[in-house]
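Heads up, the thing below is written out as structure tokens.
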Amino acid sequence: MKDINILAIETSCDETSVAVVRNGKEVLSNIVSSQIDTHKQFGGVVPEIASRQHIEVIIQIVEEALEEAEVILDEIDAICVTQGPGLIGSLLVGVNVAKTLSYTLDKPLIGAHHIAGHIYASNIDNNISYPSLALVVSGGHTELVYLKDVLDFEIIGSTHDDAVGEAYDKVARQLNLEYPGGPKVDKLAKFGEDKYKFPRAMIDSDDYNFSFSGMKSAVINFVHNAKQRGDKIVFADLACSFQTAVVDVLITKTRKAIENFDVKQLILAGGVAGNSELRLQVLKLEKELGVEVLIPKMSYCSDNAAMIGAVGYYYYKYKLFADPLTLNARSTLDLEEVRK
Ligand code: KG4
Ligand code: ZN
């Protein structure tokens with residue numbers, strides 16, 4: 001069969017990324033230009049600045065990705081771009097570059113779902129089997145997704161409020177850690193103990209939903225009260241107590257879903273999939289329940305275009321093409337809308 005080379009573009013938040021992926025598996029290049037240094041001075045992503053920076057670098061990143069892959073535009077079979085969800089101004093930059101390339105080169109255009117990309121990051125170095133369960137944990141999403149088949153997603157549970165990554169970043173601010181604080185809280189937690197026993201919200205609820213805003217508030221209130229009383233707080237213990245509570249809830253709900261749905265694999269997806277404690281606990285579930293666990297390598301956990309090329313291959317296979325004249329970026333886009 002002929003090789004399928006996909007030029008993939010991801011600009012949904014604060015990473016400008018372009019990749020060339022062959023047959024959904026072979027990552028020929030995956031260039032990621034991060035804007036973290038710009039946004040950290042504001043304590044979080046400033047959408048206006050994010051879209052401007054995408055515009056400034058995107059063409060250069062496309063050129064670098066092609067160069068590193070040693071592929072010319074003529075050898076590209078389709079242009080795939082993250083259509084949503086994400087920051088609308090950021091998404092629009094990638095979508096417009098993709099539409100222009102598709103129209104001028106007369107190549108098929110694919111508008112991919114960002115979370116589908118995070119999930120299919122696990123299909124790069126491994127093979128997803130069906131049915132599977134994905135635990136999606138990122139800055140904007142916390143979901144348990146049942147994958148019936150290729151590109152067939154059912155969300156069986158999600159957060160009522162904050163996403164896990166968002167809660168991590170807000171707790172990090174309390175600990176005076178720079179944006180994005182998630183990885184820094186994770187590191188700090190290794191030096192602490194679960195002394196403060198924060199509440200495990202919704203851990204016993206009869207569903208697969210989550211709530212993290214209460215846990216985040218518990219940490220914030222704890223810090224305020226301690227400051228007012230002049231008590232000394234051990235930040236490492238605070239980080240560890242928060243992390244232990246969060247991971248405890250995530251694992252408890254995931255275990256319940258694996259027990260009640262007949263799945264072959266558990267797929268960890270999204271930026272928080274890089275969390276050391278979560279990775280450890282998920283691997284324990286593998287032993288406990290005998291379910292195969294797929295965890296993407298670190299560079300495919302945070303936002304990157306290789307994962308968009310990985311899922312784009314299946315959009316290509318099932319001819320899920322978009323019109324280069326009318327495709328629009330969507331800040332909210334339902335994962336269950338993706339259908340082959
Ligand atoms: O998937 P992602 O790169 O972007 C979104 O689609 O949102 O996820 C970014 C989020 C941030 O909130 C970041 O703090 C969090 O993932 N994150 C972590 C870790 N690494 C990244 N949170 C906890 N522990 C980590 N090791
Ligand atoms: Zn993401």
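Just so you know, glycine gets a Cβ as well, placed from its N, Cα and C.
Curation does not apply to TrEMBL; its annotations are automatic.
Just one of Asp169, Asp204, Asp262 is listed by TrEMBL for the same substrate site as Val136, Val137, Ser138, Gly139, Gly140, Gly182, Asp186, Asn275, and that one is Asp169.
Binding of Fe cation is attributed by TrEMBL to His114, His118, and within the candidate set Asp237, Asp248, Asp303 the record adds Asp303 to that site. The most densely surrounded of the binding-site residues His114, His118, judged by C-beta neighbours within 10 angstroms, is His118.
Annotation for the binding-site residues Gly140, Gly182: lowest Cβ count within 10 Å of the residue's own Cβ, Gly140. Between the binding-site residues Ser138, Asn275, the minimum number of other C-beta atoms within 10 Å of a residue's C-beta occurs at Ser138.
DSSP gives Val136 (substrate binding site) a strand state. Comparing Cα positions, Asp303 (Fe cation binding site) lies closest to Ser138 out of the binding-site residues Val136, Ser138, Gly140.
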